[in-house]
Amino acid sequence: MEAQQIISRFCPKSSLAPSIPMVKQPFSLNFPPLHSLSSYPFLQSQNLGFPTGALHAISFVHKEVCSSSWRIWCSKSSSSTAEPEEDHEVRAQVTVRRKKLAVFVSGGGSNFRSIHEASKKGSLHGDVTVLVTNKSECGGAQYARNNGIPVILFPKAKDEPKGLSPCDLVDTLRKFEVDFVLLAGYLKLIPVELIRAFERSIFNIHPSLLPAFGGKGYYGMKVHKAVIASGARFSGPTIHFVDEHYDTGRILAQRVVPVLANDTAEELAARVLNEEHQLYVEVVEALCEERIVWRKDGVPLIQSRENPNEFL
């Protein structure tokens, strides 16, 4: 079978290349990590060199967040005698393991709650395994304890002797086998030790359309007051990768919210927060499904679940 020929080129060992069922049936395979196209030169051409009527790859997508993996979509080309309606698609897809998430909060943690609820309902292919906070009695920490999620105090403070140092925090998150770090209203600057340990795996949500109204001092209601005072007609949440500075990492997703003529900061904040809850869950779903891809110019994109050639 042509599909078996393709898979055997990825998985030369018989244990990694199981028998594939009828091509009209969907199938899922575990592939070894593919770190670059150069590892598999035959992938550099869309036509894999099989004769007419064989399977030809039509899409290759490199996943660059945490563990590298590939998804391959194949279609059976028609011979000169084949009827068009006999064409069909075959999809060989990497099996994605369930991800482990660490969430950082400083307050009530409404975004944290939305993510946790999505995980419990099954719409999110990951679990919040640990909560990190700089305020041990904040609402987010209380919610975590009530739901059996371990709570870690960071950073270490004079009045909080149980707090961790940056290196201790990195070691602790590694013990929890954390895949992604999600900042959800966490007001402390993330230490460089953590950024280096979890490269391209730390995300933050900010209540404005970055790069506008971001940076040190722009948080909470201060952001919405500044947006209204500026006369801006639109605002909305931004989710971005975290670097060594406040709100300067690569933008991953945004959602536009109109600023109404007579808006108060509280009214605008409520509408933006509603969009935050939806957007963060959608982005974390994409992270857990390994649907983040990188453009050649370094811009991250979220791949559509339904169509790998479309981006959200």
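From the backbone N, Cα and C atoms, a Cβ is placed for every residue, glycine too.
Going by what Swiss-Prot states, the N(1)-(5-phospho-beta-D-ribosyl)glycinamide site holds GLY109, SER110, ASN111, and the candidate of GLU276, GLU282, GLU285, GLU289 recorded there is GLU276. Together with LYS162, LEU187, LYS188, LEU189, ILE190, ASN204, Swiss-Prot lists one candidate of ASP127, ASP171, ASP247 for binding (6R)-10-formyltetrahydrofolate, that being ASP247. In this entry, (6R)-10-formyltetrahydrofolate is bound by LYS162, LEU187, LYS188, LEU189, ILE190, ASN204, ASP247, whose most widely separated C-alpha atoms sit 28 angstrom apart.
Cα distances from SER110 (N(1)-(5-phospho-beta-D-ribosyl)glycinamide binding site) to the binding-site residues LYS188, ASN204, ASP247 are smallest for ASN204. Candidates GLY109, LYS162, LEU187, LYS188, LEU189, ILE190 (binding-site residues) were compared with HIS206 (active site, proton donor); none lies inside 10 Å Cα-Cα. Same-chain residues that are not part of GLY109, SER110, ASN111, GLU276 yet have a Cβ within 8 Å of the Cβ center of the N(1)-(5-phospho-beta-D-ribosyl)glycinamide site turn out to be VAL105, GLY108, PHE112, ARG113, SER114, ALA184, GLY185, ILE205, LEU273, HIS277, TYR280. The CA atom of LYS162 ((6R)-10-formyltetrahydrofolate binding site) is located 21 Å away from the CA atom of GLY109 (N(1)-(5-phospho-beta-D-ribosyl)glycinamide binding site).
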